[in-house]
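Asks: I grabbed these lines from TrEMBL:
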- 6-84: domain 'Carrier' (DOMAIN)
Amino acid sequence: MSDQAQTIDDVRDVLIKAIASEAGYAPAELPTDRPFTEFGLDSMAALSVGMEIEETCGLSDLPVTLLWDHPTVDALTEALWALMQGELTATAAEGQ
């Protein structure tokens, strides 16, 4: 679990690295408030980013429209963090 994102900043870093890699940006240069479409991401790039999110954030079965429903790094970070907190809450409740 140590390789998984643990904080909202970890989630943001995962997204920045994955999207920057697909879009041809240096991570430090990727604007987090701009729509992914401005970076030229297509459906294959979105799939790749989605797989990275699932692997690194410990989430599964993410909707294929996730990047289009939350079209900036900032928006997607918030959505993923909320999902992760829901996953953690559900997992904790199952263990009781």
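Note that the numbers count up from 1, one per residue, in the order the chain is shown.
Each Cβ is built from the backbone N, Cα and C atoms, and glycine gets one as well.
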Asks: Going by DSSP, how much of the domain 'Carrier' (6-84) is helix, how much is strand and how much is coil, in residues?
Replies: 54 helix, 0 strand, 25 coil
Asks: Looking only at the domain 'Carrier' (6-84), report the model's average pLDDT.
Replies: 92
